[in-house]
């Protein structure tokens, strides 16, 4: 290769060797369908092949996977007959043959067959790169075996810390098979094992085993093609050199049909990837000639690690391929001799000078991102730091995390998420399926105690989930109490990672797969989790309890992968008093992405131990909840004297919102977490919004949160690209007011502004069309009916309008020609309800002198501002942060159901169903006023019309809806027909509507959805689903607040994304019922009853387009009823 260099800035490309990483192995584990070999020191599992494997001259339809780093082509003998005594009598592909051990629960052997296109394509790439001259590389089947974190049998080094991870892939084609060996450099920590009390190097190679002798006389030892020699240095070279162009990857053709000659190694002994760039300046013009190396195709290319640092002349390669073993003269005395292939010394590193004009810049991927343009991607509690090739985020002092997510030290952490699953229980042929069940967790970080609850777990599976606190173990690990010099999960990798785990129960071998996605901290400071479960678990009978013994688990850390495993023992106490002890094996991997510009794990020990004790599990069948609690500590894998300082034991007495600071001996101090104030023993939330009103900047609103605050832009503004500055959005245009609409002429149509620059065109009464084109419409059925009635007895005189005969019924039509829902016969003095065709609705005809209520409305929550009011055995007020305080008046022995609020007089209204009544008191907790106490069954809903000064309520026993003035006077029944258990009720004063919801007794969760509905178009939009047992609901800002009977809580939910953001549990467990909102001033608006009670003598009832004056049910001769329409 030749290039011309000039006197300009140039680049010198240096060939460098970078080892394989674990992430570059073929995917393995339960999530990709792998099976797991039983733990042990010499475990074996037979694998029936889906396609023939060619090995030496033979064809095989099964292989045997072994703990000791190999697969065999026949059932292997005991390890004492082949370890240290190679070659063995059976065929073997030895990826890393030694006395290996997986009994400690940290190491595993995974294996599978794979025909997926992605895997086969990657296999073909490895083979093609190793044999560039070969054509038609088309593998159709692969065997993938992964030895993960296997340890050498017996003591080796302090604490037995040495572990290896490596992989063997056997690729099968129609007439040939290949072996691909992969050795990730950072995961190859030992090269020898103890055999017969001697430290012997492991072996890598291909052993043909016993083969028939000449003329079928007995058998003789076949070929043993050994890749390594008896030195640990040659083992080290496996992870650093190659015969396929990629360090740590070795490819061999191991069998062909119909004719086999020899094992053939890959031909590319040089690293083909350019991975480093060094700048060279002011180089004088010179021609440089670089000779390419021509590898010896028949020689496996292995170099000693030390050879990488030398520049001596290369070894003279062997001129021939490895020779097969000679045949013995008798079958009983085989000649155990084999040949080691001498490693080849590398050439000196080559420097290739390239003309700047000829440089292909696409070879490089420089990262010029800096903090100046990316600081907003860091947490608000983090600093941004520039590096030579990019930037990283670092949490500020007093906070911990990965810089993208930062949490105040000592502050408790909440987690919310969803759980979905498909699980078989015991021998059941059908699974239990559930979707989007709520998961809630709370961790007291200064003592490592974690609490997890999962809701809506049916009793058919709930008891059987009790042995699985592992569902929340990642939460405990993430926020475990840190021992000196050790770090929990969140402080290392933050809150964005994927967790894959498998549970194998003993002795039944049931398997459960757990997959969890941790999505980081949301705007409410909650960690978001999504969980999926799949598999089979042993059955735990109804009424049985489970006790789980404390356990320890070793976590292994690498650049972007964390693995762990352990054995768990648990005891099941049966309802009959008997006790059974069981166990399961647990393995997991955690994948994450750290900042690529710094070594995140440089200060973290390669192995840490999670200690879990005080484990509590319970299934609450009444509420269908599974609960777990556990204490978690992260520390050294070595046994020693436990730390005695209370900060490290968790027994310090600091406030749950404080961090414990250790001192000498057992001394310590308590310091309130950031965002809290106090002496550390007791900490109070700092209201940043009150103390620093301008903290959020212009055009924004500050919302205080425990230990923090949240900024939201006011209407008409949105966050800019930095995520913090509120900028003006495009202002909406009222085209109706501007006259820039396309509706028809104003004498025929109406333009109605609907917000966000939108509008609706509609034709005026007497016209039809889409509003943009309106024509004189034809008379409707109601109008023709009315004209016919009016003309039936008309004299026909020119000067007289048609009028009906005396006693003739004339239908009432609305402005659009439709039948009015209420029809009356003046002469008969009766009224009734009709459908859209004008037909009378059976049972709706009222007695003379009264009128039926002919309109029913759907329930909809009203969106107002500020407080949420919680009712239990007393009336209390809970602000948006959901911390409660009670009114001074408590009601012993009462059940308060409905709650409502009058914004004008700042009064709270409530109903009691024990001795049915409706009462009120001032918001500050003044004297209680009893409003209604007679003729009540079960008042379950109250609504306040603050404009008309009316109160409406439902009665689910008497099946009616009533109205009165706010002081309880002038009471009147509004609806008492066709109602079944009316419960919630909402008043919409501005439009004169009342909304209610009815249903049969015993109705529980229904669809478990929250939806909003436009009362005019009746279009519905789903906000969320999967909620438990909501009773009442209100809205404030972007949150919905609802009471939940199953969780006995008030739950706050973000109505934009449907995620739960807060939960309030009463100090004493009790069912939560009504909820209302309070606000400092009434919403703007008026209706026809707002001024002077509409001129009515008693009740003024607003309605769309007018109002009605009504009298109370109690006779009052001074009352005058009348209808007014405008």
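Each residue, glycine too, has its Cβ placed from N, Cα and C.
Residues or ranges marked as signal peptide by TrEMBL: 1-19.
Positions annotated as region 'Disordered' by TrEMBL: 316-335.
Under the heading domain 'Nidogen G2 beta-barrel', TrEMBL lists 411-644.
For 779-854, the entry in TrEMBL reads domain 'Thyroglobulin type-1'. Averaged across the domain 'Thyroglobulin type-1' (779-854), pLDDT for the predicted model comes to 75.
If you look up TrEMBL, you'll see 906-948 (among others) marked as repeat 'LDL-receptor class B'. Long-range contacts of the repeat 'LDL-receptor class B' (906-948) within its own chain (CB-CB distance under 8 A, at least 6 residues past either end) are made by residues 869, 871, 875, 877, 887-889, 891, 893-900, 954-958, 964, 966-968, 971, 982-987, 989-990, 994, 996, 1074, 1076, 1078, 1082, 1085-1087, 1089-1090, 1093-1094, 1100-1102.
Annotated repeat 'LDL-receptor class B' per TrEMBL: 949-991 (among others), in sequence order.
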Residue distribution over DSSP helix, strand and coil in the repeat 'LDL-receptor class B' (949-991): 0 helix, 20 strand, 23 coil
DSSP-derived helix, strand and coil totals, residue by residue, for the repeat 'LDL-receptor class B' (906-948): 0 helix, 23 strand, 20 coil
